[in-house]
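Here's the structure we're looking at; comments come further down.
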Amino acid sequence: MLDLLVLSLHYFICFLISLVIWRGAKDADLSGSSAGTADTAPDGLILIGKEDDIKRSGRTTAKIDGRGVVVFYHKGKFHALDSRCYHEGGPLRLGEIEDIDGQACIVCPWHKYKITLETGEGLYEGINPLEPSPTPKWQSKGVKQRIHKITLDKGNVYVSPPDFSVSFDSDYFANKYKNKEELDTEK
């Protein structure tokens, strides 16, 4: 009887937590994060912002034809990817960057999915049960998050328009949140 009571309490608490998330406490903005609407240069590249400004803040967001893109500056390199996580659309602009197995990764703030900044691969830690003493190792789920090519020119950061001939898992949430406010957290 006590087990049933504890289990019921657990499910009720989980329900309340999911309700709070679903109802949408707005994402808190990171200090140093900025957002803007991108301008298109004559050569087709999309101006994101000034190189020094992005270096100083560490990240910025922009809309490219209504699609959210987040640009990170990490350890001397710029990286751009869809701003919504491929798993459930979490706001990657709020995630922490971690070094995982020698790769810089953004960790989604909603479900802790790890995505490489360089390639957009989803990473997971798994074991091979056929090994005599299995130890967890980082493995790739494949490229899940659309990355965008960065070009630096005369102190400005540009992103190439996306190539939609290839689709990625993150496209679903990029389209779902297209033209919506960046702070929108509806599911």
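For all residues, glycine too, the Cβ spot is worked out from N, Cα and C.
As annotated by TrEMBL, transmembrane segment applies to 6-25. Per TrEMBL, the feature domain 'Rieske' maps to 46-144.
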Residues of the domain 'Rieske' (46-144) by DSSP state, where helix covers H, G and I: 10 helix, 53 strand, 36 coil
PLDDT averaged over every residue in the domain 'Rieske' (46-144): 95
